[in-house]
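Record features (Swiss-Prot):
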- 12-32: transmembrane segment (TRANSMEM)
- 67-87: transmembrane segment (TRANSMEM)
- 94-116: transmembrane segment (TRANSMEM)
- Asp123: active site (ACT_SITE)
- 133-153: transmembrane segment (TRANSMEM)
- Asp141: active site (ACT_SITE)
Amino acid sequence: MPTNWKDSGLRWYWVVVLVFVADQLSKQWVLSNFELYESIQLLPIFNFTYVRNYGAAFSFLSDAGGWQRWLFTFVAVGFSVVLSVWLRQQPSKMWRLNLAYTLVIGGALGNLIDRLQHGFVVDFLDFYWNTSHFPAFNIADSAICVGAALIILDSFVTGKDDKKTDGIKE
């Protein structure tokens, strides 16, 4: 385990700040410039559309009556704490895993602030084909998905790297 924060994955916490600030600024821009459900087409397959998400990914539990706000708040805080502890235990040179953890933390905190401040998450990135729309999402959601994908990728790549070095004396 690293002896100080500069040698640990905590050195990567600037990514948390970057994701959080970008997410919050983009959502504030949407709240200041869009009415609910207002949409502006940017590309033939992409809109900015302001929607409110009272649930989780893909509006999971969005109409559950309000208790889900506190469940998702607890989950976001829990994951952020656990991943921060893991960051502290990781060497700073393990870039893929450190980047993954900080992306997830930044995204979780971005959506957490929305839930606490508004009671919902502001979503606005709307991809579609013809009349079929992918569920709207935001920068925080993107960071969480990329972070989760990197965690999965790291489990495969790290496993292969470990097998390559088995039996090799340094």
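FYI, residue positions are counted from 1 along the chain as it appears here.
Just so you know, glycine gets a Cβ as well, placed from its N, Cα and C.
The shown structure was predicted, so the numbers you read here are calculated from the model rather than taken from an experiment.
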Between Asp123 (active site) and Asp141 (active site): CA-CA distance (Å): 9
Stretch of maximal Cβ-Cβ contact with the transmembrane segment (94-116) [cut-off: under 8 Å; candidates 12-32, 67-87, 133-153]: 133-153
DSSP state at Asp123 (active site), helix/strand/coil: strand
Asp141 (active site) - helix vs strand vs coil (DSSP): helix
